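Student: So that we are looking at the same thing, I have put the structure below in structure tokens.
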């Protein structure tokens, strides 16, 4: 079975090939209900059509953007006149039609833009202040006139459509036809109402199965819809009511002032207001990879594009479906998501079992029909056929079709969807947003987590605690003491460096309280600056920022060029301490005078940096340089910021404490066979100190710097990579190289965290990309499989637990369902061969099918994870899904149930002392009842495939308990009250007790089975690789 599955039903968890997707689809055979079975499977034809449509739209956009100098465009712009305002727009108080406003950015035409008065003119027409932004009271009015920032999505399918889908099951349709014929023939032969009971019973049971199935599918679809909306929800920074605040992308309105920085997605069409070095990647919209520089001459920003570099502010001019991105988004959702490896594998299992089931169904029908004809031949009645004979053959056909209903485990692939939907919902509550379903499965196999330090292992609440300035190291405790120890000249330059060279913004909220909006490092520096000068604007208003080079993870520095009051230029630079120190050749003494830096002083500063780093402080170096006559000697361009000859101002040490619980979470990973590696851009001493505090860096582990790692050959990497626990001063490319090497050379399953735009390649390359929800850019989130909403390492461990839980839960369900399949098939087949009748009727088999399919999946596939899952190694990459332990349990339980049912079938009357005219009906009811209770207790048995204590934690799983109670309750109703439809008779208390006891015996029998040793292999029973044992491997 496993070789067949690997050959035909194997797909990659990430970016599977079109060929692999087509291969397994063509291998699937005997699908009862394609509409339901393939509901969560990508529609390749639709996807191809959507891709074609998307390319057409992209080409139109590309022509609009890059071929806009064509004569027609100019003619259109020259002849364009302002259309008459509609009454609705006039009443709202605006001076421009929404279509005209949208056209300005969409056309990218400066003449149309100038025709409307440029930026100021547009701001006046849409009644917004470029300084204070939109007023909160105007938002609903703006949404009414200009539209909502939402795209047209497929409406949620109503419940009746899921009922209709469930009714498309070919076997159920055949059964309903049989039931209708049965009702007609039954009434004709046995009269009303007795003749209709058998057929009506089948119809009612089919309706029950359909409704339960449809409700389960409908609830799943609602969960996916909610998660999908959450995935697309982006938090945007805007200026409203004169203050800066965060809003959802869905709440954005025309007139909003949006703040953009590196890695952001442009949330709507708009006009550039101001900014520095703003570069936009428009490839998602136009297909063109060349980045576009945005400035006052080319001010048009398009929704859906990405900020590649720089920062800026924009005025929103059109939202939602009035943007080109809105039209493109409609095509992106077509075709659905790729199916997960487990879904594909279980489609394969269902195909194999379906083939076996079909053979048994045909054989059962042939045996029953042959016996019936033989009996007529023996009685010399072969030439005489009555209505009852036709009804009998029809009943045989219904039983054969019902065996097929039970035998084809349509619920197997759908159980994966159910389990994943449940896991995704729970992970959302645990602050993890799963973007790709397959990540839930793959995380259970993770053998290595490459994690960032800042914000993931640490709290990201940074405070400046140490300061080196003018040759002295100081503690930042008392503001007055610190201020008195620094000369006025030095303090002025220090504060200029802090307040001018920043990407963050100091704002006041509605209550007048000062808030800082920006990264935690910037926030810590600005808070430090505010200790000395609360009126920061007074100092800064005499200076004009000429150019900004924002921080990026490659250069590890940020620079700014400012025009000071005397007309000269001054450059400020800050960043990684050793990098900035290498750019400096001068130092400020305690009087604020600039002197040449001696080698002794350079060594002293290096010692200070290392000293701060060894205290687990993040070190930032601040420097400046005055440029003679407003130019740099390094180059000819006046606006280029120099790269050398700086004067060092200060080194600050920033404390970022380790998050509570991280050390325990790292230990949990190590116990679970998951190696944790820290990859950070920080100083190596800071990284080592934090890594030791977290329990990541051990005595035999290796800490390495990015530049050293980069220079290693592949042979050297094979030796050192298994021991690397910390990589400091790393570039995003180093992270990508490490991930690629771990996956391709060492065959590890790698989870990697990332937050920056440059982390996107590593997130895409990893088996599981984990983006940070708070610190992460939109580019990073788009390339990730899971978004860690609270940026906490503990949440990553929760994802790993759920990943393992999904895999194990599906294995439990498969074990349970295969046992029911084997017993139901063999019981009916053997009975048909020996006695000429099937003990389980069509209605009873339909009820059993619901127990093992929908209800079984609900009970077993949604069990929450337990701590034991993280005390075993990860699931192997290429392991057998149905393991030897599972086969032992399936075969053992099947043998027990077949013996019990066989004894009842052939010797039940004497064993149970059944006499009288209804003894056969009582016996058949007993067989049915015992069979159901065997499944109920086997469901409990399946909760753990190896441990004897299967009830541990059972009462904590309310879904499991609810399913158990519902199953037993409905079984009592069927036997005691619905006998007319289900072909059962009420049972005495002693017979009920006997049925329950026979089912309950499967618990101790299951415990006995688990004591039977299974030939040990290199993998654990459920595909887990064993942890190393013994003192040498500890």
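Note that Cβ sites are derived from N, Cα and C of the backbone, with glycine treated the same way.
Those TrEMBL annotations? Automatic predictions, nothing curated.
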Student: Which range, 991-1009, 1010-1028, does TrEMBL list as transmembrane segment?
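Tutor: Among 991-1009, 1010-1028, the range TrEMBL annotates as transmembrane segment is 991-1009.
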Student: Among 352-374, 394-423, 890-908, 958-979, 991-1009, which stretch has the highest count of C-beta pairs below 8 Å with the transmembrane segment (920-937)?
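Tutor: Checked against 352-374, 394-423, 890-908, 958-979, 991-1009; highest Cβ contact count belongs to 991-1009.
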Student: Over the span of the domain 'Cation-transporting P-type ATPase N-terminal' (115-187), count residues by DSSP class, listing helix, strand and coil in order.
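Tutor: Per DSSP, the residues of the domain 'Cation-transporting P-type ATPase N-terminal' (115-187) fall into 46 helix, 3 strand, 24 coil.
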Student: The transmembrane segment (991-1009): which same-chain residues, six or more beyond its ends, come within Cβ distance under 8 Å?
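Tutor: For the transmembrane segment (991-1009), the far contacts come to 888-889, 892-893, 896-897, 900, 912, 922, 926, 929-930, 932-938, 940-941, 948, 950.
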Student: Same chain only, please: residues at least 6 beyond the ends of the transmembrane segment (352-374) with a C-beta under 8 Å from a C-beta of the stretch. Say none if there are none.
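Tutor: Distant contacts of the transmembrane segment (352-374): 1, 4, 29-30, 382, 389, 392-393, 396-397, 399-401, 403-404, 406-409, 818, 821, 825, 828-829, 832-833, 836-838.
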